[in-house]
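If you check Swiss-Prot, you get these features:
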type    : residues    : note
BINDING : 78, 80, 82  : Mg(2+) binding site
BINDING : 79, 96, 103 : Zn(2+) binding site
C-alpha cells in the first residue's frame, strides 16, 4: 500500500511536523502540537487526533486520559509543506490540560517596557477532576 502522501510532508530533523489544531465552526485555534509519521497516519486511519508527545516520547491520542478527544474533519498541509492544520470537533469543549477551551488563554497586554501576560479565558473544569484517578498523568 502506497503512503506517498506521508512523503510529501517536510518532516524536521527529529521526524516531526508542527500541527495547529483549529475548531470546526468557531475557527478558534485550540492548541499546537507535533506529529511524527505514525501519528499522522493513525490520525487519518482513526479520524481522531493522535500526536507525538515530546515529553513522554510516545504517541499521544488526544483525550486518552481526559476523554476530550478531537474528531478530525479535515487535514491540511501549508504552502511550504512543513506545517499541518487539523480542523476538529473538540469533544467536551476542553482542549487544554488546564481545563480551558483552548491552550492560548494568556494574552499580552501593555507595552514592551511594562507589559505582561494575563489569563483571559476561564477554567471550564478543574484539571484535578478531569485527571482524577489517572495513573501517571501529567496533564499534557
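Cβ atoms here come from the backbone N, Cα and C positions, even for glycine.
Mapped onto this structure are the features recorded in Swiss-Prot.
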residue : record              : DSSP (3 states)
78      : Mg(2+) binding site : coil
96      : Zn(2+) binding site : coil
103     : Zn(2+) binding site : coil
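Packing around residue 103 (Zn(2+) binding site) is summarised by its Cβ count: 17 other Cβ atoms lie within 10 angstroms of its Cβ, all protein chains included. Annotation for the binding-site residues 79, 96: lowest Cβ count within 10 Å of the residue's own Cβ, 79. Within 10 Å of its Cβ, the residue among the binding-site residues 78, 80, 82 with the fewest other Cβ atoms is 80.
Note: the CA-CA distance between residue 82 (Mg(2+) binding site) and residue 103 (Zn(2+) binding site) rounds to 22 Å. For the pair formed by residue 103 (Zn(2+) binding site) and residue 78 (Mg(2+) binding site), distance between Cα atoms is given as 21 Å, rounded to the nearest Å. Neighbouring residues of the recorded Mg(2+) site, listed in sequence order and excluding 78, 80, 82, comprise 10, 77, 79, 81, 83 (Cβ within 8 Å of the Cβ centroid).
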